[in-house]
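The structure appears right after this line, and notes come after that.
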Amino acid sequence: MSKSLGNGIDPMEVIEKYGADALRWFLTSGSTPGQDVRFSYTKMDAAWNFINKIWNASRFVIMNLEDTPAPTKMPDAANLDLTDKWILSQLNQTVADVTRLYESFEFGEAGRTLYNFIWNDFCDWYIEMAKEVLYGDDQAAIANKRYNLAYVLDQTLRLLHPVMPFVTEEIWQSMPHTGDSIVNAAYPEVHAELDDPEATTQMNALIDLIRSVRNIRSEANAPLSKPIDVLVNIQDAPLMTIFKQNQDFIERFVHPKSLEIAEGLTAPALAKTAIISGAEVYVPLAELLDLDEEIARLEGELKRLDGEIKRAKGKLSNKGFTDRAPEKVVQEERDKQADYEQQYQSVEKRVAELKNA
């Protein structure tokens, strides 16, 4: 914007249309150190949509709290299921990252970190998976889930408050709380005991499986109302336990006619295939499958995986990386390379099967 060019925007008009919090979010999350912020009504629409997402998610949580007390202490570790452990670990990492970014005045990166946690982890996955418990019959599990939802929402609102003071105050006042205002509530702290890499790994596997089936549905134009068979061929033994224990969650998200999870499954001749870490997913869709398109799609996946393998090899062959990076980071890169190579072999095998079908 430039006053001399006459293309200035009156912030009061923007606030009138979108609200003060949307403008604050746009200005902070869109900022980059050393660069001007370019005003965009498209981005203002996105800011408003994000606030609307927060409002609707909060409304759902608050409507289901009933007699839940104010979340003044961390949830009891003895009463946590996999999704609880995962979201608390993700929240803890978000608190650490956002606090560091606030302190270094990297508000744009802090905003992106908050956005990813709230939209993806909390709204799209945790709340949706919580419904499986909330709509069940186990009253103790329901009470625990309500408290955990309240705790995560409360901590998230406190993290957001410096950027969105008005919306967070309105929501916070509507849920169980202590104190007169969120502005006086203690800022979230990092709790080492909440870090749970195992829960994160397990949840990532579940999310990858669910997302892969959803993608297959989308590619085949098969809506959720259309029943489909889903076969999960386990290659990494620990995944069997994870998927079996959480089969209800999987079925809730993918709506299968049948779901078979086992080792040594053979891919149907005409099935769409997805390769995830430690497993292969087959969805027989003979009436919808274009064989040439499926082969082309998988060959594109081979190119992508080949690029990832080359990238990982290049990184690991760089002594500057292997000598200076923490051993944990180097090992993570080695694990990524091994995983990509395993996926490449699986896709290559599937392409050969389809070409011979």
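Here the Cβ of each residue, glycine as well, is placed from N, Cα and C on the backbone.
TrEMBL annotations: computationally assigned, not manually curated.
Record features, source TrEMBL:
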- 1-40: domain 'Aminoacyl-tRNA synthetase class Ia' (DOMAIN)
- 84-231: domain 'Methionyl/Valyl/Leucyl/Isoleucyl-tRNA synthetase anticodon-binding' (DOMAIN)
- 290-355: domain 'Valyl-tRNA synthetase tRNA-binding arm' (DOMAIN)
- 316-342: region 'Disordered' (REGION)
- 321-339: compositional bias 'Basic and acidic residues' (COMPBIAS)
Helix, strand and coil counts within the domain 'Valyl-tRNA synthetase tRNA-binding arm' (290-355) (DSSP): 61 helix, 0 strand, 5 coil
Mean per-residue pLDDT computed across the domain 'Aminoacyl-tRNA synthetase class Ia' (1-40): 75
